[in-house]
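Participant: Mind looking over this structure? Questions follow.
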Amino acid sequence: MNFARFIRYLLLALVGIALVAWILLRQSFPRQEQATALAGLQSEATLRYDAWQRPYVEAAGLADALRVQGWLHATHRLWQMEMLRRAGRGRLAEMLGADLLETDKQLWRAGVPQLAGRLESHASPATLAAVDAYLEGVNAGIAGLRLLPPEFLLLGQARPSWQRRDVFALGALMAHQSANNLDNELLRLALAGVLEVDEMAAFLTDDSGRYEYPFVLDAGSDSVALGEVLDAVALTDPGVNPLMPRLGFGSNGWVVGAGKSTSGLPLFAFDSHDELGLPNLFYEVHLFFGDNRQLRGWSVPGMPGVINGYNENIAWGFTNIGDTQDVFVETRSEQDPLLFRFGNTWRRARVETVDIPVRGGATERLEIVHTHNGPLVSETPALSLAWTVHRMPAPSLDSMLDFNLAGNWDEFNVALDAFPAPTLNATYADRHGTIGFRTAGVLPQRGRGQGLMPQDGSSPAAVWQGLVPPSAMPRRNNPPAGFLAAANSRVNPAGQGPLVSADNAAPYRIARIQQVLGKAESLSLEDMRVLQIDWTDGQAQLLLPTLLAALPASKEPLLEAGIELLTQWLEEPVAARGSAAALLFQSWYVALSEEVFAQRLGELYPRLLRRAYLLNHALDHLLLHAPESPWWRGQRAGIIAAALHRAMTRIADEQGPEPGAWRLDRQQHVRLRHSLGAVSPVLASLLDAGDAPWGGSVSTVGRARYSYASPFAVNSGATVRVVAEMGAVPSVQAVIPGGQSGHFLSEHYLDQYPHWLAGRLLPLASLPSSLDREAQRFLPASKAILRQ
């Protein structure tokens with residue numbers, strides 16, 4: 001056989017293989033049937049999709065609606081569900097291999113799978129009935145798939161079967177990922193090992209201006225050991241480990257009263273911030289059931305009901321805020337490794353043994369030591385983790401469906417008074433004219449400190465003294481200003497109510513939101529949409545005058561051009577896609593961080609770059625409030641000038657020597673990544689959405705967050721944007737980055753993404769009957785059999 005003929009045969013074989021693979025992949029698409037039998041269904045239900053495959057379900061009762069929701073989740077997002085439940089149960093290595101073993105261990109040490117078991121055991125009969133109905137739909141949806149989704153085929157995974165524990169595992173994972181600042185505390189402890197007290201002050205400030213450095217401890221270990229602990233803990237962070245599924249969130253949320261609205265109706269706006277990826281964190285669903293009841297919004301695949309959303313009476317959205325975890329430095333007996341000092345006595349720890357399955361059939365045994373403060377997350381040094389849910393006698397998720405179905409502000413508050421974790425801020429509006437804000441969840445009563453720094457676990461005065469009762473949590477409704485807002489910033493002034501968190505987002509987003517809402521006499525739904533994508537950079541507005549004033553005179557043409565560019569931009573500092581000044585400011589900030597921190601911190605500096613909140617607080621504090629700090633080494637002006645020179649040189653190397661021709665979006669891009677895209681470039685080309693030019697910054701309301709380790713590679717932003725006008729029939733518009741489908745070949749995998757990039761919102765139907773779409777019917781299994 002000559003070479004040419006061999007090549008032809010090879011190409012034909014490859015085409016044949018590709019064709020077979022394509023047919024198999026198409027077989028993994030969900031079937032579109034006119035009628036589907038659904039086990040457990042009590043009465044016939046119907047499903048209509050809109051043009052974006054957003055589902056509208058009509059059912060006789062809530063249980064049947066949840067059955068169809070479970071079917072929808074399994075049909076369209078099964079891979080996402082699989083990743084989430086395995087993370088919540090500490091079983092990622094069983095599917096993905098030994099590389100995920102340490103991730104599983106960290107989840108077990110933190111107590112995530114154990115919390116899932118407690119949530120299940122303390123669930124009420126009503127909650128269990130709702131979960132069981134949902135699971136009937138999930139397992140029916142799985143059974144109805146001709147082939148499993150491509151990710152299952154790639155990994156050779158069997159058809160899964162969902163159980164109660166899987167649902168509660170997602171609740172436990174959400175509580176852990178939103179618990180706030182474990183890694184910040186550990187990083188501060190590592191920093192304390194290499195820095196002097198006056199240097200540590202920069203990393204212990206919060207936005208109240210208070211300090212905690214008198215309580216800095218020496219963990220009895222060097223920063224190298226703590227760095228290894230930090231790296232292990234970071235494995236449970238989706239921003240660091242691409243195979244760790246996403247279930248935590250930040251967010252903006254605000255509500256406007258009827259008196260400040262152009263329509264005379266309350267306005268609701270919400271955009272949840274999270275690691276961007278595919279499929280999107282949320283699956284939109286609209287349930288209509290019973291006597292004109294509705295439950296609509298953005299659900300997490302694997303959990304019944306919705307996290308953020310609305311019903312026929314109220315709308316709500318959650319933003320992350322509370323610090324519910326603290327680290328304690330434990331004193332271990334040299335004679336007995338299970339004895340830990342507490343005051344003048346020694347307390348014996350409890351040992352929990354866990355067998356973690358690993359792909360291929362092996363198991364790894366893990367021993368978890370539980371001290372009087374909590375489980376050890378590190379043996380050397382001995383560091384324990386206190387978490388509010390570990391202290392609660394009977395944590396449960398019973399309140400979730402209660403707030404989903406609440407009809408007014410009072411009912412909403414009663415439901416959230418029973419919400420265990422995570423600790424969140426809720427913004428609220430209803431059709432009766434009430435707007436409100438409250439903090440939900442459980443907080444610790446700290447004996448010492450503000451949760452910024454690990455404390456002495458052997459000191460009775462330093463450990464937790466109890467839990468903050470729900471009645472003490474901040475809340476407010478119908479303020480004279482006519483609006484309420486939240487953006488992960490400090491909730492209440494010092495001394496006024498419990499400390500919700502000292503590790504808050506910098507106040508730039510909340511300041512801009514309050515500025516816009518407070519200045520306007522009246523606001524429309526369109527104003528809400530525009531504010532959600534506002535790229536006014538409050539950080540630049542605050543810092544640039546200080547930065548520019550510190551610069552010595554320069555006759556270097558490039559620097560002079562840059563200074564002129566920034567000075568003009570300061571009049572209206574919008575981080576637009578085409579802005580040269582926005583690019584320069586952000587580049588200057590990154591370079592300044594290097595000039596100030598990199599050499600002094602050594603191996604800890606890359607770990608600081610992963611913690612944007614901590615770096616922002618430290619550097620902003622040094623610029624605005626600490627001109628004599630030792631971090632400036634007596635050369636503040638020179639360091640600031642050197643950083644500007646470094647930034648401009650880098651940009652010039654990328655975009656040429658003319659600053660006026662620079663653009664932010666030539667370097668700043670947003671990409672939606674699939675978890676398996678990190679495994680192989682081939683998979684990334686199939687599963688990821690490619691880089692899209694982008695604007696904004698970590699400090700803008702329209703958030704564009706990136707790791708300072710990879711500047712301008714935006715990996716976090718709004719996973720949903722929604723605005724609503726709360727009339728007798730709510731008028732709602734929303735969009736997600738990506739689409740409803742989790743199948744990469746589906747037309748609905750990315751169909752909303754262009755609208756998200758353009759800042760557009762997509763109107764939602766008020767009723768299923770308004771959709772000009774054929775209905776898919778769901779029949780009780782017994783009736784379906786009789787009709788055959």
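Placement of Cβ uses the backbone N, Cα and C atoms for every residue, glycine included.
Okay, these came from TrEMBL:
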type	residues	note
BINDING	E185, D323, D326	Ca(2+) binding site
ACT_SITE	S251	active site, nucleophile
Participant: Would you mind pulling the DSSP three-state label for the residue listed as 'active site, nucleophile'?
Facilitator: coil
Participant: So which one is it: of the binding-site residues E185, D326, which has the fewest other Cβ atoms within 10 Å?
Facilitator: E185
Participant: So for the residue listed as 'active site, nucleophile', how many other CB atoms are inside 10 Å of its CB?
Facilitator: 26
Participant: Between E185 (Ca(2+) binding site) and the residue listed as 'active site, nucleophile', find the distance joining the two CA atoms and give it rounded to the nearest Å.
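Facilitator: E185 (Ca(2+) binding site) to the residue listed as 'active site, nucleophile', Cα-Cα distance: 22 Å.
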Participant: Return only the integer: C-alpha distance in Å from S251 (active site, nucleophile) to D323 (Ca(2+) binding site).
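Facilitator: Here the two Cα atoms are 16 Å apart.
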